Structure formats: C-alpha cells, structure tokens
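Visitor: Below, the features straight out of TrEMBL:
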- HIS440: active site (ACT_SITE)
- SER442: active site (ACT_SITE)
- HIS582: active site (ACT_SITE)
- SER584: active site (ACT_SITE)
- 317-450: domain 'ZU5' (DOMAIN)
- 451-592: domain 'ZU5' (DOMAIN)
- 784-869: domain 'Death' (DOMAIN)
Amino acid sequence: PVDELQKMAESLGLRDECGEGASGASALAASCLADNRLNLDVYPDGCRRFLQLFEGRQGEVVQVEFLRLSSNDRLLGTTLGILPHLKYLKSLVLKGGHARDEFGSCQHGFLTSLPPDIGNLRCLTHLDLSFNSLSTLPSCILHLSSLRVLLVSHNSLVALPEDFGSLSKLTFFSAMKNQLKDLPQSIGQLAVLQNLDLSENALEFLPEELGNLHNCTELDLSGNRLSTIPDSFANLKSLRRLHLHSNLLVTVPASLASLPSLSRLELQNNCLRAVPPEIQTLPFVCLRGNPLGETEPPPHADECSAGGLRRLFLASGEDSFTVTSESCKVVLACGIHLYFPPGATSDPLRIYFRTLAPDPQWVKLRHHDVLLSRVLELQPHGVKFQQEVQIWMPYASPQTLHQREVVVRTFNGQSWSDLRTRVAQKRKSKKHVAHCSVLHFSWFLVVSRLVQNECQVPAEGTLLFSSVDPNIKVTFPPGVTEETRSVKLQVLLVSAEEIEEITADVGCRASPLLCLSQDSLVDFLGPVRIQLPLPPGVTGLNLDRSRLHLLHGDPEGQTWDDVTSQVVLEFTHIYAMFEVTHFSWYWLWYTTKTYIGGIAKKVYERLRMYQVNFIALQRKKDPEQVLLQCVPKHKVDLVLKKLQDRYRGPEPSDMVELFEGEQFFAAFEQGISINMDRPDCVDGRLSFIFYSHLKNMKEIYVTSPVDRKGQAVRGQVSFYRGAVPESIPEDASRRRKGPDSLWLATLPIKLPRLKSRWGESRGLLNGCFFPPLNLGNAETGYLTQANLLGIARRVGADWQTIGLNLGLTYQQIERIGYNNREDLDKQILDMLFSWAQQNSEDPDCVSKLITAMKESGRQDIADEVETIIELGRQKYRESIRRVGL
C-alpha cells in the first residue's frame, strides 16, 4: 500500500534528503528514469533512490520494464517488497559484485531469497541474480511463466528444484561457480533451452535426461568432477560447442564424433588415457593436459579454436611484449606461460614483467606456509582485462602433499590473497605448474599451505568435515548465525614420534592441531560443536581425565591456554567433543605435565622450524670461487653428490634450525674478504633469506689482503642470524639476543699460494691504468669497475667466445691474444675492459653483457650480474624515497 510505503520512506529519511519531497523525487526521476528503464546499480545508494522514486513518481515507476539494482545495497530487503508492484517488468537484475573487499575480490550480495509474489510477474523474461548468497533457488522463480533467461552464477547453490523443468520457455540458464552436486531429471524437459552453463561446480554424475535438450547449441560442464559422460549426449543434434575440460574424465563416448553441428569439443585437463579414434581425428577437438596429450600446461579453452593463435617465446634478456585483441600465448624464458584469450584487451597493450627475489619485508607468509617460487610481477597494474588471462607458474614440488595444497597468491599493494588454483605436472620434465586466472595484473607467487576446507554457514546450520582427517568435524546447529558466514578449517597432523622427540617425554601425546577461522568478527550466537580424535594410544576405555587437556591458542600461536575447566568435554571410544562460540586454534594433549601451555608452545614453535646445514665449497679449478649454500638436512647428501665433481671443501656444518623466510648472513674472516661493493653486501656480510624449497645459494669470488706469494691463507666463513622475523614467538626472539646467540656455524676456507700474476695485473694493462668505468646508470642499475674486475676473475679459457658474443671482431680478439700471449689473465682483462670502454655510453650495455654470458654458457656469471643490477636498482629506489623525490 502506498501509505505504508510513504511512512517507510519517511522513517528512512528519504523525504528530508530530497529536500522538497516530491520535487526531490522528480529530480531523481529526471536523471534516472528514462524509456521505462531504471539502471540504479551504478549508484552506491541505488535502493534509496528507487524508494524515493516510488514515493514521488509511483505511476511512472510501476510502468518500468527494465530494472537494475545492486544486491550489495543494505536497503535491498526493503526494496524487494515493492518489486511485485511492477507488473510490466521484463528484465530484473539484482547482482552483487559491485563492492570489493580488502583483497580486491568481488563481494557477494546480501540476497538470500525472493518474495513469493515475485512469481506473479507474468511479463518477466530476464532474471539475473548472479554474485549473491543463494543456497537454494527461490521457489517463486518456477512460477515465472514467461522466463527465458535465468542467471544464478557465483552463488552457493547445492541443488536445483526437482520441478526445475517447469520453466518451459527457458532458453538460457547459467549456474556457473556454485556448489551443485547433482541435477534433477526434469532438466531434460527444457525443450527450447539453447545455452546451458554449469561450469565450476561439484557435479560427479549427469542424468541421461540431458540428452533430451534437442535445441541446445552450447553446453559448458567444465571445472566439475565428472568421470563419465552419458551416452544420451549422442542425441544433442543441435550442439555446436561442448566444454568438458578440467574434469576427471577417463573416457568419452565415440558417439560424440557423429554430432552433425559440433564445431568445438574441449577435453583438455582431464584423466583421459585412451580416446576413441573417431574423437582423436576431429579437427576441432582439444586433448592437451591429458596423460596421452602434449606435456605443456593445458591452454585456455579458446586456444583450441582453429588457427589464429599467436605464440611468443621470449629470450632471457627481454622484459616486455605487446598483446592485441587477438588470442596470444606467451612463454617467458623462466618457464612461465601466459594466455590472453580473444578480446582480453580491445586496444594494443604493452605488458612488462620481471621475476623478483622474495623479500620478507613484504612477502608475508602465514604460519606453516612454504614458499615455492620467486615473485612474478606483471604490469601495468590496475588495468582490468575484458577476459580472464591465464597464468601457469612453475614451482618447486613440496615434500609432503597429504595435508598441504598449492595455491597462487597475489598482492594488491596492501595484502596478499589466495587465488583459485589448479596444479599439473609435465610428463617429460616432471616439473610442476600452478594455474590461475586473473582480470588484473600485480604480483604473484606460489605457496604451499595447509589444506583448507571451507563452507557457508546459513541460519539453518550445516556440517563441516576435514578432508585431511575425516574424524575431525564441526557441527553448526540451527540458529548459531543470523546471516550466512564463511568458515574455514585447517588441520596440522602431528605424529607421536615428533611429540616424543621434541618433549623428550614418552608419555606425551597430542591430537591433530585444528585451526578454525571465519569471515565475521562477531562470535556465533550459540555454541558450535567440535569433534576431535583422542591423542594416539588413548581411548575412551583407558582415558584418565586428569591427564587430558584442551588447549586454546591465539591466532598467531604465541600463547596456549588450558581451557579444559571452561568447557564440557564428552567422550566416545575414540573421540572428544566440546562446544565453543569463538574460533581459533584447538589442541588436545594427554600428559602428566602440569605446565602444558609452555610445552605446547615449544612444540608449536619447533613444528615451524627447519633443520638445515651450511656448506662452503671451493671450485677445484679456481679456489677463489666459493659456493655458499644453506640446505635442508634431508637434501644435504644429494646436493653434495651433484657438486663433488667441480667443488671441494669441508664437511657440512652441524645442524641448526631456521624459520621459513628468516634472514642470515655469511661473514668471511681471518684474512679473507669479498668485494664490498656487492649490492647484497651489508656491513661486510653477505645477506641471505632462507626458504626451504628455494635455492639458498650464492657463488662469489673471495680475495685476501695478505701477500699470498709466499704462503697460503687459512681463513673461514661464519654464518650469523639476521633480523628476527616478526612472526617468531617472543620466547624464541628473546633467546636470540646477544652476539653469541646470533652465531650459527663456521666453516674453513683455504686460499692456496698465489702462482699467477693476476694480483699485479688488476686494473693495469701493459703499464696503463684504465679510467674508472660505470656501465649503465643508477636508475636501471650499473656495474662498477670493481664489479667488472670480479667478473673478469671468473672468466677462463672461454674468454674468446665471450668476446665474440659481446660483439668484438675476430681481428680484435686475435690482437688481444697476441699482445698478451703469455698471460691469460691480461687477455681476459684486455678483452673485457676494451669492450666496456667501447660501450660505456650504451644504455643497454649491461643487458648485452648478460646475454653474451648466457650465450657463452656462463649462466653463473649472468645470474651474478643480474643480482648485482637488481640490488643496485633497489638501493637507488630506497635512496630516492629517503630524500623524498
């Protein structure tokens, strides 16, 4: 009734905002209402404007045929009650996704249901409810007799109504990115349906009735869990495009090859080991990403279209490329693949990329995260693509997979968030790749995290299991929440052997460690029931309740409190059950110890640490070239075996413990020094960051101020802890204070007696000094004369090949060799400094040097130059920030 709506408007302050009531509404109508259309989803207060219009111009509003509102609007619930009055409405859009959270992800709308009277809109032909919080399809939709287009993508639907087939006029239906597990048989009654999109759901089986969709031209079932396809698909005579990629298919019916209209069949990224010959010979079928197909990462669906795909293979020195509106696949020298589908960008766009060493100052790892790749930066930032761009990133395979999962993580400038990720393994190289899709470019890396199980908790309640340990479950009874909220569950398995080793107590036992989190800051309205398995060796029959403790940890794991007396513990033969309203970490312990919180804290800290050894080896042919590496304990023997042919040195250091992402330094002592101009040199020490699955290795040249003509120099390299990471527990940090606690290990380094004239020829050729040289510039990074001398000391008999790749002529190479025919060291210096002087004004000379080293097979020198340049750039940027430019 109009009177009630006017009172409602007054209670919301709508009249006051308009200034003059009806006149304010008229002004809004003039700007928003045109041609029987109301597009209010572009306004943050679109629902408020709609209520104002209905109050002041009701006669015109009820004539509206096309209406768009944002379901992220807080007044949506009030507005829904008016919609049944719009008898002439043909198109209704109530989409979410207009707001973004702190990580830049689209926020789902508040819509969870529709008023029953919506079913009386006899003219409605188009309904879009995408990006909302629907867990069931509103029953009123089935009464929309004229409905032709229905979109419910990006919701939380787990099933469709059994009488869904009553929508007899439906021609387009999209339910992509929901949680559908099965389909009703009545779906085969949609006789005029032409386009069906059920991608990115949890479908495991398909009803045979799908074969009754005789008018269907496009069917998208990608991204599900299908292992078979119904034989009835052979009846889909109008089908043109069939998307079945990214499933678990082990076979496909040969009858698909006989579909007369089929022009695209996508089967990539499945488990197909055998495909009927009729399917394999189809010119439009894509089989990549299967055990029988090609070994490169599976391409995007559109790559399978015939012809027109542009491929770019970039060399190591390149850092950019251009994409157009056409499809394009790009392969970077580091092994990263990118795919730009058709229409991803309307105008030509220059893409810049680089890989960065992870810096713990901004690469913030969560507890129990493991970094598996370097950081990939793609620019320009902030540009939104019109189609999702596909990224495949190689990564180091983690050792334990049963309780971990691999995800691509992206940085939006303020915080990191995880992307939906698929993983694959190349057949020949056995390399692992992580695949994700993005609309924006920023920074990306690959991490291994604890397996995360997630569910939506509605007011009706639900049940959440752990896929790592199905014995762990959380029960949400009805009424624990008013609004649907998202809950995440992670489990860390802890073996009895680990507990015994850390505590040195055979009687200590602990259950798996449970971590619960939610997207709401408000505790649950009622108790949530948690079931945990009893610690190993403990049953309900032999249980001594005085020894059982339930521990509660804060989100950072800094403290563990015994809350046994604050909850009611119930027991079965193998389980313990209790109720909580606050989510955090929970841990069951069985022990005779009294101060159990301190013991749990010690164990939790040790579970996050890695046992490592340091190695310091010298190249056999050039003892001044030293390789330093920090290696996890279980990899030491394998690493030494690979290096023993080229290097010699002392036994690895004693075992020490480091956290993932912890900084440490290497200092050369007792007569041995390094080039202090190195960008990674801090106060005379080399800086390292430990990541358990990345190479913590540097190869450098050392020198000695001591005269080595008469005797060898016996020095050493010592390793010290660096800055304490923010996430290290307070007790561990306190133990690391003081000079003694920073020391980790010391290994000997021996420089033999000097036999060559290298030391005399440093910087001096034929009695003449070269003037100081700085290649490049400060902004892009440069090499000093000291850097060039360090590079020269690493070059050997291959100096001629390097000189030719640098662009020197054969005549120059021959002259340098003849002039210094009795001294290899002078030949190398003359070649390198002659090239440097000729190219000192060239802004690209450093990149040319890197390329020449790679072409000459000296990847080790190229890597060192790239590191020097990158760290030089960082120092320049930091100096710019310090002076405020």
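One-based numbering along the chain as shown.
From the backbone N, Cα and C atoms, a Cβ is placed for every residue, glycine too.
TrEMBL labels come from automatic prediction, so no person has curated them.
Small disclaimer: the values here were computed from a predicted structure and weren't measured.
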Visitor: Determine the most Cβ-crowded residue among the active-site residues HIS440, HIS582, using a 10 Å radius around each Cβ and all protein chains in the structure.
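Guide: Buried the deepest by this measure is HIS440.
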Visitor: How long is the line from the C-alpha of HIS440 (active site) to the C-alpha of HIS582 (active site), rounded to the nearest angstrom?
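Guide: Pair distance, Cα basis, whole Å: 35 Å.
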Visitor: Reported as an integer number of Å, what is the Cα distance between SER584 (active site) and SER442 (active site)?
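Guide: The Cα atom of SER584 (active site) is 31 Å away from the Cα atom of SER442 (active site).
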Visitor: Same chain only, sequence gap of 6 or more: which residues have a CB within under 8 Å of the CB of SER442 (active site)?
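Guide: Listed in sequence order, they are GLU377, LEU378, HIS381, THR410, PHE411, ASN412, GLY413.
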Visitor: Within 10 Å of the Cβ of SER584 (active site), how many other Cβ atoms can be counted across all chains shown?
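Guide: Around the Cβ of SER584 (active site), 15 other Cβ atoms lie within 10 Å.
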Visitor: Any idea what the model's mean pLDDT is for the domain 'Death' (784-869)?
Guide: 83
Visitor: Would you list the DSSP helix, strand and coil counts for the residues of the domain 'ZU5' (451-592)?
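Guide: Helix, strand and coil residues of the domain 'ZU5' (451-592) number 14 helix, 59 strand, 69 coil.
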Visitor: From the DSSP assignment alone, can you count helix, strand and coil residues within the domain 'ZU5' (317-450)?
Guide: 0 helix, 71 strand, 63 coil
Visitor: Using DSSP, tally how many residues of the domain 'Death' (784-869) sit in helix, strand and coil.
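Guide: Going through the domain 'Death' (784-869) residue by residue, I get 65 helix, 1 strand, 20 coil.
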